[in-house]
Amino acid sequence: MWVCSTLWRVRTPARQWRGLLPASGCHGPAASSYSASAEPARVRALVYGHHGDPAKVVELKNLELAAVRGSDVRVKMLAAPINPSDINMIQGNYGFLPELPAVGGNEGVAQVVAVGSNVTGLKPGDWVIPANAGLGTWRTEAVFSEEALIQVPSDIPLQSAATLGVNPCTAYRMLMDFEQLQPGDSVIQNASNSGVGQAVIQIAAALGLRTINVVRDRPDIQKLSDRLKSLGAEHVITEEELRRPEMKNFFKDMPQPRLALNCVGGKSSTELLRQLARGGTMVTYGGMAKQPVVASVSLLIFKDLKLRGFWLSQWKKDHSPDQFKELILTLCDLIRRGQLTAPACSQVPLQDYQSALEASMKPFISSKQILTM
């Protein structure tokens, strides 16, 4: 299997209300493209004023757009997904929470409409994505600082650009940062049909890694298995199959995994640990089951397993903006080669946000909801 050498080389151990009026920090003279006396532009945004059930607390509102100053960039949002982290943030269950009221959405792609006089790295027509979480992407237009945005090539598919900044980055870093994997090594993961899971399958295949992909049983399990295998998955098994003694037969023809990726917790994480090779690592990046990770004492002692966690926001804090930009460009190269595609998506107009929010929280929904503006 062809292995992209660039992939192996990149191995490195605001508020959301910003840009809308009224808000503290909204400012005076417009950029040269705008008249300071012009009527403020009106934009639509999905706003929540308190934490709770997203389907109940999120509202579509008309808001005024702030003027563009020297270091600002006005953008038109093109598409923005609904991720689990977005839901958790609205519910009030996340690693950081924006000041309220806030605009929802941590990810998406936008097109630059105008720039301030001090902006040097962007121009109208460029595509951009958020540099960090918390920007508030569920809106039609916004004014952000130049440093809050990262340019991405406009020759990649819109859905790929809209879903580039969170899940593929998480997948790539987990594959690269915790074990020194080599082509032919194997990786096991749960929640394999999630956005991160699908990215793991594809990036692992590009790296020459073999994957064991665990999913919950469901009526259309064969259809799901076929789709994941079309992405590059070597094995797709259910949670029930993972618990069977026959699992040991997997490792007659492939090495035991040195890396396990856990997005579920509870019994599922315990079973992942059981499959790891001695000295292997399980990385937890989510907790869909809302149950603690349970690690067998004997596994920790006799197999010397390691338990780690990963949060992309923390990785960004620990690394420079240039390193994140390099990561984005590496993933864009994969997209251009056809080795990384967007997860299965359903595009939903912004005004139909209620149905999109409800669908994103239903079990066994493999299609990511993407809001289009």
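Just so it is clear, glycine is given a Cβ too, placed from its N, Cα and C backbone atoms.
Around Tyr94 (active site, proton donor), the same-chain residues at least 6 positions away in sequence with a Cβ under 8 Å from its Cβ are Ser85, Asn88. Here Swiss-Prot flags Tyr94 as active site, proton donor, drawing on similarity to another entry.
Taken from Swiss-Prot, the feature NADP(+) binding site covers Asn167, 193-196, 216-218, 285-288, 310-312, Lys368. Cβ environment of Tyr285 (NADP(+) binding site): Thr170, Met174, Val196, Leu261, Asn262, Cys263, Gly309, Phe310, Trp311 lie under 8 Å away, each six or more residues apart in the same chain.
Marked as N6-succinyllysine by Swiss-Prot: Lys61 (among others). Non-local contacts of Lys61 (N6-succinyllysine) by the CB criterion (under 8 A, 6+ apart in sequence, same chain) comprise Arg44, Ala45, Leu46, Val47.
What Swiss-Prot records for Lys61 (among others) is N6-acetyllysine, and it gives similarity to another entry as the kind of evidence.
According to Swiss-Prot, the feature N6-succinyllysine maps to Lys252 (among others), an assignment based on similarity to another entry. DSSP classifies Lys252 (N6-succinyllysine) as helix under the three-state reduction.
Sequence-distant neighbours of Lys252 (N6-succinyllysine) (same chain, 6+ residues apart, CB-CB distance under 8 A): none. The feature N6-acetyllysine is assigned by Swiss-Prot to Lys252 (among others).
Swiss-Prot lists Lys267 (among others) with the feature N6-succinyllysine. Take the CB of Lys267 (N6-succinyllysine) and look out to 10 A: across all protein chains shown you find 14 other CB atoms.
In three-state terms derived from DSSP, Lys267 (N6-succinyllysine) belongs to a helical segment. Annotation source Swiss-Prot lists N6-acetyllysine at Lys267 (among others), citing similarity to another entry.
For Lys316 (N6-succinyllysine), the same-chain residues lying six or more positions away in sequence with a CB closer than 8 A to its CB are Ala131, Asn132, Phe324. When secondary structure is read from DSSP and collapsed to three states, Lys316 (N6-succinyllysine) falls in the helix class. For Lys316 (among others), the entry in Swiss-Prot reads N6-succinyllysine, with the evidence type similarity to another entry.
For 1-53, the entry in Swiss-Prot reads transit peptide, with the evidence type sequence analysis.
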With DSSP assignments reduced to helix, strand and coil, which class does Tyr94 (active site, proton donor) get?
coil
Give me the Cα-Cα distance between Gly287 (NADP(+) binding site) and Lys267 (N6-succinyllysine), rounded to a whole Å.
12
Does anything in the same chain, at least 6 positions from Leu312 (NADP(+) binding site), have a Cβ under 8 Å from its Cβ, and if so what?
Ala133, Val166, Cys169, Thr170, Arg173
By the DSSP assignment reduced to helix, strand and coil, which category contains Lys61 (N6-succinyllysine)?
strand
Do you know offhand how many angstrom separate Lys267 (N6-succinyllysine) and Asp217 (NADP(+) binding site) by C-alpha?
15
The one of Asn167, Asp217, Gly287, Phe310 whose CB sees the fewest other CB atoms within 10 Å, among these binding-site residues:
Asp217
